[in-house]
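The active site, proton acceptor feature in TrEMBL is assigned to E90. Feature annotation from TrEMBL assigns active site, S-methylcysteine intermediate to C335. For C110, C114, C117, the entry in TrEMBL reads [4Fe-4S] cluster binding site. The S-adenosyl-L-methionine binding site annotation in TrEMBL covers G161, E162, S193, S216, L217, H218, N292.
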Amino acid sequence: MKDIRTLSLEDLKEYFTQIGDKPFRAKQVYDWLWSKNLHSFEEMTNLSKNLRENLSKDFVINPIAVDTLQKSSDGTIKNGVKLHDGLLVESVLIPTETRTTACVSSQVGCSLNCEFCATAKLKRMRNLEVAEIIDQVALIDKQSRLYFGRPLSNIVFMGMGEPMMNYKNVVESIRKITSPEGLGMSPRRITVSTSGIPKMMKMLADENLKVKLALSLHSAIEHKRNDIMPFSSKFPLTEIMDALQYWYRQTSSPITFEYCVWGGINDTDEDIKALIKYCRQVPSKVNLIQYNPIGEGKYDHRNIEAEERYVHELEKAGITIVVRRSRGGDIDAACGQLANTHSRKEATGVAGT
Ligand code: SAH
């Protein structure tokens with residue numbers, strides 16, 4: 001049966017007209033679904049009993065379900081979330097003193113092959129539906145209210161998957177999250193993180209969404225970046241810069257570069273110089289992310305001295321650099337650790353049961 005949340009407001013109006021009811025019912029149902037995140041027709045109390053029964057004969061609402069919930073000693077909560085077809089994604093609540101951030105997934109698995117990332121070890125199974133993205137946001141909002149007594153404040157598309165490869169649904173979900181008829185959140189508190197697909201970044205710039213953009217850079221030296229993120233050999237750094245400059249021209253919103261420092265990989269002065277040169281070409285700042293080892297050997301060597309040199313040299317060059325403490329590491333909820341370790345079998349394909 002069809003999930004009612006795959007219908008647009010227009011589709012819903014048509015449905016109500018067809019069954020001989022008033023088109024304004026569409027708005028009422030839409031509101032329950034997208035603003036109140038309701039998952040059952042019975043609870044749509046401004047509709048007649050008869051109409052609620054009709055709706056449940058014609059449609060389903062496929063909610064996500066928390067499969068596993070793990071709490072970190074630092075307050076981070078990692079949800080293993082089960083989708084209606086049995087596949088799993090992960091959604092993380094990251095609390096700080098003043099904010100609660102939801103780190104949401106956009107795909108089941110990922111089709112990119114970043115060597116250092118755990119999600120890349122899962123093959124891409126499918127894109128998430130708009131409703132599946134919204135449900136993750138609603139879930140984390142509920143948990144934030146329950147455990148921290150405050151609503152969700154920020155959203156980062158930094159969970160499983162590459163948002164630009166599920167472009168349409170990611171954009172539509174942002175529209176629903178930010179519209180007054182939806183969840184009504186501020187777009188400035190939403191960050192889309194991409195590994196860098198120039199054409200899609202330019203398209204996103206033209207959507208007028210007012211979200212922030214982060215680029216996973218990790219090296220500003222072409223051949224090194226291609227080793228670290230093999231798929232990126234299709235997209236030269238100059239082309240990515242061109243897209244970033246376009247982004248800034250269209251949105252006036254500075255870029256955040258995400259960057260991990262690995263001993264023996266990108267810890268030389270040449271690496272630092274290349275990063276400074278790259279950053280200078282567009283208004284930006286750098287988030288130095290503490291790497292979370294995933295047992296890949298090559299990337300497991302932290303070089304704290306090099307991290308300090310990065311900070312020192314970038315600051316000297318007048319570039320803002322923020323060192324991001326890793327969160328949720330003890331429950332594998334940190335960046336790049338989202339790989340369904342609690343239930344790998346289901347995540348890698350024998351799912352659907
Ligand atoms: N595909 C998107 C979003 C998901 S990754 C992207 O590439 O941006 C979110 C961030 O986590 C990226 O910056 C990625 O480079 C980083 N990351 C991946 N694995 C990591 C790990 N093991 N430790 C720290 N950061 C990691």
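Each Cβ is built from the backbone N, Cα and C atoms, and glycine gets one as well.
Cβ contacts within 10 Å of C114 ([4Fe-4S] cluster binding site), excluding its own Cβ and spanning all protein chains shown: 21. Of all the binding-site residues in the record (C114, G161, E162, S216, L217), the one with the smallest CA separation from E90 (active site, proton acceptor) is G161.
Of all Cα pairs drawn from G161, E162, S193, S216, L217, H218, N292, which the record names as binding S-adenosyl-L-methionine, the longest spans 19 Å. Distance from the CA of C117 ([4Fe-4S] cluster binding site) to the CA of E162 (S-adenosyl-L-methionine binding site) is 12 Å. The shortest Cα-Cα distance between L217 (S-adenosyl-L-methionine binding site) and any of the binding-site residues C110, C114, C117 is the one to C114.
If you take the Cα of S193 (S-adenosyl-L-methionine binding site) and the Cα of C117 ([4Fe-4S] cluster binding site), they are about 14 angstrom apart, rounded to a whole number.
Of all Cβ atoms in the shown protein chains, 28 besides its own fall within 10 Å of the Cβ of G161 (S-adenosyl-L-methionine binding site).
The shortest Cα-Cα distance from N292 (S-adenosyl-L-methionine binding site) to any of the binding-site residues (C110, C114, C117) is found for C117. All protein chains considered, the CB of C117 ([4Fe-4S] cluster binding site) has 25 other CB atoms within 10 Å.
Listed binding-site residues near C110 ([4Fe-4S] cluster binding site): G161 (candidates G161, S216, H218; Cα-Cα distance within 10 Å). If you measure from the Cα atom of C117 ([4Fe-4S] cluster binding site) to that of G161 (S-adenosyl-L-methionine binding site), you get 11 Å. Around H218 (S-adenosyl-L-methionine binding site), the C-beta neighbours below 8 angstroms that are at least 6 residues distant in the chain are F116, R225, I228, M229, E258, Y259, C260, N266. Annotation for S216 (S-adenosyl-L-methionine binding site): spatial neighbours C114, S193, T194, S195, G196, M229, E258, criterion Cβ-Cβ under 8 Å with sequence separation of six or more. A strand conformation is recorded for the residue listed as 'active site, proton acceptor' in the three-state DSSP classification.
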